[in-house]
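A.B. asks: Have a look at this one before I ask anything.
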Ligand code: PEP
């Protein structure tokens with residue numbers, strides 16, 4: 001299973017800035033990318049085509065859409081369909097990111113509908129899960145992760161190609177805060193996530209990637225990526241510069 005090194009650019013970068021960073025990333029990392037690693041960038045929608053054009057032709061590199069709506073087309077002002085993402089060069093979609101859950105108000109059921117729909121429409125999907133700090137302090141990490149996983153995967157066919165579905169464990173208190181979950185916390189949450197995946201998808205779950213996200217940086221990536229059941233990383237802040245993300249990708 002290849003490690004998936006993913007960048008989430010959130011609402012940053014114009015067309016030119018995004019293309020420039022994608023070119024810098026390819027220049028720094030493409031020649032050195034180990035055969036067992038894959039690089040993925042989620043730019044904002046407006047820069048997806050520009051980034052897809054740069055990354056698409058490079059072996060091991062791809063682009064994804066940060067969000068999409070659960071219809072093929074129609075009167076849904078402001079929304080984007082999976083087929084539009086694919087048309088713009090995306091092969092992946094992201095669901096359940098904490099900013100969409102906690103800032104934009106998406107609930108577990110909607111995240112589940114979105115995950116299943118994206119897969120049905122031919123995207124590979126990364127489902128994000130993760131607890132709030134209050135939930136961790138109250139000893140509710142497992143309860144939250146299990147609820148988000150079961151709802152998020154409720155309508156995903158159990159015969160799904162495991163390469164097309166990944167989960168990102170992103171403790172909300174570690175996203176954009178500089179605070180990284182400790183190795184023991186990461187291993188524990190990933191092991192629990194694997195256990196729930198196995199209960200849903202049986203043997204196939206061992207071929208699904210579980211990514212860690214939350215203040216990953218060049219200085220901590222090598223340690224995190226070597227942990228049990230960590231099959232990649234999802235990086236926000238430190239992915240915005242080609243130099244720092246290339247160091248993460250090659251860590
Ligand atoms: C993210 O946006 O998914 C994320 C993990 O952000 P950061 O790396 O900035 O914590």
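In case you wondered, yes, glycine gets a Cβ from its N, Cα and C as well.
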A.B. asks: Going by TrEMBL, 8, 9, 10, 176, 236, 237 bind substrate; tell me which of 166, 215, 246 is listed for that site too.
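C.D. replies: Substrate site check in TrEMBL: besides 8, 9, 10, 176, 236, 237, the record includes 215 out of 166, 215, 246.
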A.B. asks: Need the DSSP three-state call for residue 10 (substrate binding site) to compare against my parser.
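C.D. replies: Going by the DSSP assignment, residue 10 (substrate binding site) belongs to neither helix nor strand, so it counts as coil.
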A.B. asks: When the Cβ positions of the recorded positions 9, 170, 176 are compared with the atoms of ligand 1, which fall under 6 Å?
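C.D. replies: From 9, 170, 176, counting a Cβ under 6 Å from ligand 1 as near, the near ones are 170, 176.
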A.B. asks: Have a look around residue 237 (substrate binding site) and count the other CB atoms within 10 A of its CB, chains all included.
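C.D. replies: The answer is 18.
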A.B. asks: Identify, among the binding-site residues 176, 236, the residue whose Cβ has the fewest other Cβ atoms within 10 Å in this structure.
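C.D. replies: With the binding-site residues 176, 236, fewest surrounding Cβ atoms within 10 Å: 176.
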A.B. asks: Taking the Cβ of residue 8 (substrate binding site) as the reference point, list residues of the same chain whose Cβ is under 8 angstroms away and which are at least six residues distant in sequence.
C.D. replies: 42, 66, 94, 97, 213, 234, 235, 236, 239
